[in-house]
There are 2 protein chains.
Amino acid sequence: MAFGEFDLIDTYFTQRSKQRPDVVIGVGDDGAVVSLPERSELVIVTDTMVADVHFDSDTPARALGHKIVAVNLSDLAAMGAEPAWISLAVTLPEVDHEWLTDFAAGLREICDYYGCQLIGGDTTQGPLSLTVTAHGVVPAGSAIKRAGARPGDWIYLSGPLGDAGLALAARQQKVKLTNEHYKRVTDRLYFPSPRVALGQSLRGIASSAIDISDGLAADLGHIIKASGVGARVTLEAVPLSLPLTESVSQERALELALVSGDDYELCFTVPEARRGVFDTLIAHSPTKPICIGRITSETGKLKLELEGEPWELPEAGNGFQHFSQRK
Amino acid sequence: MAFGEFDLIDTYFTQRSKQRPDVVIGVGDDGAVVSLPERSELVIVTDTMVADVHFDSDTPARALGHKIVAVNLSDLAAMGAEPAWISLAVTLPEVDHEWLTDFAAGLREICDYYGCQLIGGDTTQGPLSLTVTAHGVVPAGSAIKRAGARPGDWIYLSGPLGDAGLALAARQQKVKLTNEHYKRVTDRLYFPSPRVALGQSLRGIASSAIDISDGLAADLGHIIKASGVGARVTLEAVPLSLPLTESVSQERALELALVSGDDYELCFTVPEARRGVFDTLIAHSPTKPICIGRITSETGKLKLELEGEPWELPEAGNGFQHFSQRK
């Protein structure tokens, strides 16, 4: 294999992949050429996953192929963008054809599912590392920012948090799960589902949005910081999965939900004036976002309440806090 | 430093950087949002550089910041694209503020010079590795492909080859250079100049183009393979720098020019019918491309001739061939 060329991934990837009509030149030239619809804007996101930092070395290659795309599509979803094209930079210690076959299959499956096409990249030799730059499209002026939340807006979550953190805790022997629970949460850790359709449907409705990659506390923190507002969250409203509530105490479940990250649900805000449109939208959606609180005017203040009482995030080093180091 | 966020690079980078009016949202949200001119197409390129594979660990940080952008802009130039925005994924073993300051300065200088803006990326912890995805713009339908060369087209090089390979050989103590020569070729290795203006001016003139990253033999090989043609190159016409011709034999100089790569000159083909326009163009250009041969109809055949005699590339393992392993 000549590292530096992209033939290898191309061979494993393009033969069975769906082609988009807006790709003028795909893999195989110095660059790819694509065309955008008129009156649209381009959204560009980048995420890297490094072996032994973002994933254990025994993570299945197919899961890695899925996840490096999923985490990027999740960022696109948080902007309200429709996924279109991805570039892949993959650094491999050696050529392992079985690994590459599985990795490319995971990558191809999620790309085909969301209608986005691999258009190029780079293959290099070195310590295992994956970087995807994903490109999406929005009608001009309609991208959802972090900075749009206003006091009184309702805060929503697209789905339950903490499963990915629980899977990691179980893999590290810090908690014991039933086989069924283990399988379910490992699936959430390895094959996260970016909320692509929901993100797009929130254009014109949500005043701000972010995807939960670092835990609710940190990511909602980004929204209130960018928007110059505060937030009050009713913790008993935060959706937690059955594996989570059945396996650990409520306190630990909340810690995982708030700080462990890697869940790739969307957290977004909806102004009171758009709530009717939003309720109509989700009435017809398979995803049922849950209202967990409200934006306040107390700039920079994130208030967490459980059963009406203030609730403090555990100190670094306590509880499950250390999971947040996986960044 | 919270690895995973981009604040760090942003801090070092954006404060003094030029802002493009087409950047709707820059660094700091889940993604960047940019707008393209009407009737244009987007060109996307990606290149990775890994420590101890693509560069020695003692390479100055400012050179790395320059080069990871330069190699990508070189790919854009080979497509005839105008550079617009770059995304940066940087993986660092640790937070070294001096290194980051220098790296960001190198990155910022070349971006500002070519009018392209850093719009986002990812910062992660791990073995040192740099990936840039660069985005350029071309009028719709005008990107220059590898596949357009036709028999009879003239083959041009934008400038001298072999200097980067000579610098590497000197650094590896395989050749001795005068201080002046060493400085000059090390500058070519560390701070390559992508042929951005030339690439754009070749739209509508060149039938094919590629940038020389893997050596002339390999890269011209990509053109003839993609175009389904052959090529005949007159080696005495291949431009070699003074440091190269004064430091090694003609044979070794040609080997370096043909196989060492990392030069980032453009190799392109011009049809006879466009030669008058091309000559007029370069008459007013500071870059003076040199004609080194002609495209033939012998599919897949790259014929190298020196003083009218066939010339064979050295076998792998001989001469300077090993420099080509830096991929």
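Using N, Cα and C of the backbone, Cβ positions are placed for all residues, glycine too.
For reference, TrEMBL has these:
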type	residues	note
BINDING	B:ASP30, B:ASP75, B:ASP211	Mg(2+) 3 binding site
BINDING	B:ASP30, B:ASP75	Mg(2+) 4 binding site
BINDING	B:THR46, B:ASP47, B:ASP122	Mg(2+) 1 binding site
BINDING	B:ASP47, B:ASP75	Mg(2+) 2 binding site
BINDING	B:HIS54, B:ASP262, B:PHE320	substrate binding site
BINDING	B:GLY121, B:ASP122, B:ARG146, B:SER213	ATP binding site
BINDING	B:ASP214	Mg(2+) 5 binding site
DOMAIN	B:28-138	domain 'PurM-like N-terminal'
DOMAIN	B:150-298	domain 'PurM-like C-terminal'
Per-residue pLDDT averaged over the domain 'PurM-like C-terminal' (B:150-298) comes to what?
95
For B:SER213 (ATP binding site) and B:THR46 (Mg(2+) 1 binding site), what Cα-Cα distance in Å is obtained after rounding to a whole number?
13
Would you pick out, from the binding-site residues B:THR46, B:SER213, the residue whose Cβ has the largest number of other Cβ atoms within 10 Å?
B:THR46
Cβ packing number for B:ASP30 (Mg(2+) 3 binding site), 10 Å threshold:
28
Where the distance is taken from Cα to Cα, which of the binding-site residues B:ASP47, B:HIS54, B:ASP75, B:ASP122, B:ASP262 turns out closest to B:ARG146 (ATP binding site)?
B:ASP75
Return the count of C-beta atoms lying within 10 angstroms of the C-beta of B:ASP214 (Mg(2+) 5 binding site), excluding that atom itself.
22
B:ASP30, B:HIS54, B:ASP75, B:GLY121, B:ASP262 filtered to the binding-site residues whose C-alpha is within 10 Å of B:ASP47 (Mg(2+) 1 binding site):
B:ASP75
Rounded to a whole angstrom, what is the C-alpha distance between B:ASP122 (Mg(2+) 1 binding site) and B:ASP214 (Mg(2+) 5 binding site)?
28
Checking the binding-site residues B:ASP30, B:THR46, B:ASP75, B:GLY121, which are within 10 Å of B:ASP262 (substrate binding site) at the Cα level?
none
Fewest neighbouring Cβ atoms within 10 Å: which of the binding-site residues B:ASP47, B:ASP75?
B:ASP47
For B:THR46 (Mg(2+) 1 binding site), the one of B:ASP75, B:GLY121, B:ASP214 that lies nearest, given that the binding-site residues are compared by Cα:
B:ASP75
So if I draw a 10 Å sphere around the Cβ of B:ASP211 (Mg(2+) 3 binding site), how many other Cβ atoms end up inside it?
27
For B:ASP75 (Mg(2+) 3 binding site) and the residue listed as 'Mg(2+) 5 binding site', what Cα-Cα distance in Å is obtained after rounding to a whole number?
12
Test of understanding: give the count of other CB atoms lying within 10 angstroms of the CB of B:ARG146 (ATP binding site).
23
